[in-house]
Amino acid sequence: MLKFLLRRILIMIPQLFILSVLIFTLAKAMPGDALSGQLENAHADPKVIAEQRQKLGLDDPIQVQYIRWINHAIHGDLGMSYTHKIPVTDLIGERLWNTLLLAAATLIVSYAIAIPFGVASGRWTNSWLDKWVTCYTYFTYATPLFIFAILMMFLFSFELNLFPSGGSVDPQAVPGTLNYFISKFTHLVLPTLSGALLATSTTIQFLRNEVIDTKIQDFVATARSKGVPESKVYSRHILRNSFLPIAAFLGYDITGLIGGSVFVESIYSYPGLGQLFLDSIQQRDFTVVSALVMISGFAALLGTLLSDIILSAVDPRIRID
Amino acid sequence: MDRFQLLKLENLNTSFKIMNSYYPAVDNITMDVFPNEVLAIVGESGCGKSALALSIMGLHNKERSLIKGHIYFQGTDLLSLSVSQLNKIRGKDIGMIFQDPLTALNPLMRVGQQIEESMNYHTSFSKKEKREKTLHLLEQVGIPDPRLTYNQFPHELSGGMRQRVVIAIAIACEPALVIADEPTTALDVTIQAQIMELLKTLQKKSNTGIILITHDLGVVSEMADRVAVMYAGQIVELSAVEQLFNNPLHPYTRSLLNSIPSSSSDDDRLHVIQGIVPSLQNIPRSGCRFSPRIPWIDASHHEDHPVMHEVESNHWVRCSCYKHFYFPNEKVGEK
Ligand SMILES: Nc1ncnc2c1ncn2[C@@H]1O[C@H](COP(=O)(O)OP(=O)(O)OP(=O)(O)O)[C@@H](O)[C@H]1O
Ligand code: SF4
Ligand SMILES: [Mg+2]
């Protein structure tokens, strides 16, 4: 196990290197640069522009720029945000926690809904429940996230006034108090539900198919031939086998949510990485964009590793050593 | 035979739903199994052997199948029981050995647990007793290192070892009846012989009744006391094993016997009926379902509703086939 981890982490180094080169090249190939994003006036004095470029090192040879960037990154310095004028690490810090919180909440809620419905739907195929669940999954599958999120916001925030429509916490609340905690929670409800409800559709369908495939396997007939009660046939035999592929996806899911809640965050103006990503692209704040892409790339690599570890933990046929 | 039947099938009819109609795969089967006997069921692929076995075990999907008739096991009609009532019998009084040991075991569960599972529901053994019994079973079925295997997962065992585990599961609660559905088809020849030997030893020791489903007539002659030959969902011949081998009557039985590679002379091989078992939807449902395979027999010999006749004591044959039948390249009246 330890050897496996070590090997996998070593493999990640060249992967990260390739990723960093790619990101760097892409950032450079984008029309405009940090400077043009910063300029308010398109007709600024060319002399001033040249001076600024010199200062920012934008005229240096490309490989020099790359090495400078990567060297700083390794030392935890992701550069200065051109627009916010603060270190990128500071900018990301607080937001990373917000995003992680939202991601964890979304993951938990979506699985808490998807698992019972997916299982029931696969167990009692063609029942009324199954038909309603299938209907629900088609509906949520076809609904675009941004429309759904706006609808949720309109209904539960503006109309019913149950939850706040934006931000991650009430600015008045003092950190550490119960009020702060409650405020964090109420701010989390709508973004979480918007993401989670739509995310359930694929998990439900996937789990339903897994259960349908598993319940006709020979070993299930063996279990029944032993006189195992039907509820135990499900809990001990069918479900454990149907959850395997879901467990394998969990790692990827976590990554996807960290990089991915761009829509939800920007609709609810939730200060997380997704929102920061969109803003930074609009402002051509490429130090921030590069850092964010690098982080989500890193998260993706961690996700695959996590998936492999989970799978080897739940499936005795897969041994890692 | 005035012994008390262990299992008594009466007009058993199992149909499968295909495109909203039901087609019988087991068609009006009536037969008995006695304690301490091995009843072999033989027949080509698709003739309904597994469908019959799964009907007895109550393992057919209720939404896609329809079972009629009676299955009396030790006097109780299994078809009248609820699933939870049936669960008190399955695994305890009837055990089943499945065809493919590679898929018959749960890949995520340790071998020991899988054997113990039926004891959880049918015995009041303590944890320790269950473990001891399981180790004993593993030893009985010829696992070389029971303590090791107890904690192994199925994928760590060879096919032959897995089939031994499957057998251990089936006999864990010392059932009165064991149904073995082609227990050795998935294994190579030397292992096949070992597994059959094992079944025979276990049967002798515990006086179990066994329904042995097989393609292999060699196995039948070694193991069986009686044989039922099935064709397209029906029994065409039913008799004691010696009678069947010495005096096969139904053309289908004769054809099966002639197709045994080892015992056939070149002459016999010519005397094999060509063709295959028709698929469920294509089985002729009126008149005889076997006549299309012997078109050279004069139409006047066929009966409209062929039924079983007892031609000698305990030797039943369907219809009058045997009286007029000859193989195409056989001289008429040779038999
Ligand atoms: N669940 C099912 N639904 C529909 N048709 C089925 C089902 N199970 C079996 N059949 C059909 O019933 C017929 C008998 O099948 P069965 O599996 O009992 O044959 P078998 O004699 O066991 O053959 P084999 O020697 O290949 O195991 C076949 O035509 C098969 O296609
Ligand atoms: S003789 Fe009877 S059993 Fe034989 S093919 Fe004709 S009708 Fe069928
Ligand atoms: Mg079969």
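Quick reminder: no glycine exception, Cβ is built from N, Cα and C everywhere.
Please treat TrEMBL annotations as automatic predictions, because they have not gone through curation.
For the transmembrane segment (A:96-117), the list of distant contacts is 133, 136, 168, 184, 188, 191-193, 195-197, 199-200, 203-204, 207, 253-254, 257-258, 261, 264-265, 270-274, 295: same-chain residues at least six beyond its ends, Cβ to Cβ under 8 Å. The transmembrane segment annotation in TrEMBL covers A:96-117 (among others).
Marked as domain 'ABC transmembrane type-1' by TrEMBL: A:96-307.
The annotation transmembrane segment is assigned in TrEMBL to A:138-158 (among others).
Among the features that TrEMBL reports, transmembrane segment is placed at A:178-199 (among others).
The transmembrane segment annotation in TrEMBL covers A:243-268 (among others).
Per TrEMBL, the feature transmembrane segment maps to A:288-311 (among others).
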Which sequence positions outside the transmembrane segment (A:138-158), separated from its termini by at least 6 residues, show Cβ-Cβ distances below 8 Å to it?
164-165, 189-191, 193-195, 197-198, 200-202, 205, 263-264, 267-268
Sort out the residues at least 6 away from either end of the transmembrane segment (A:243-268), same chain, that have Cβ-Cβ distances under 8 Å to it, and list them.
99-100, 102-103, 106-107, 145-146, 149-150, 153, 165-167, 190-191, 194-195, 203, 206-207, 210, 274-275, 277-278, 295-296, 299-300, 302-311, 314-315
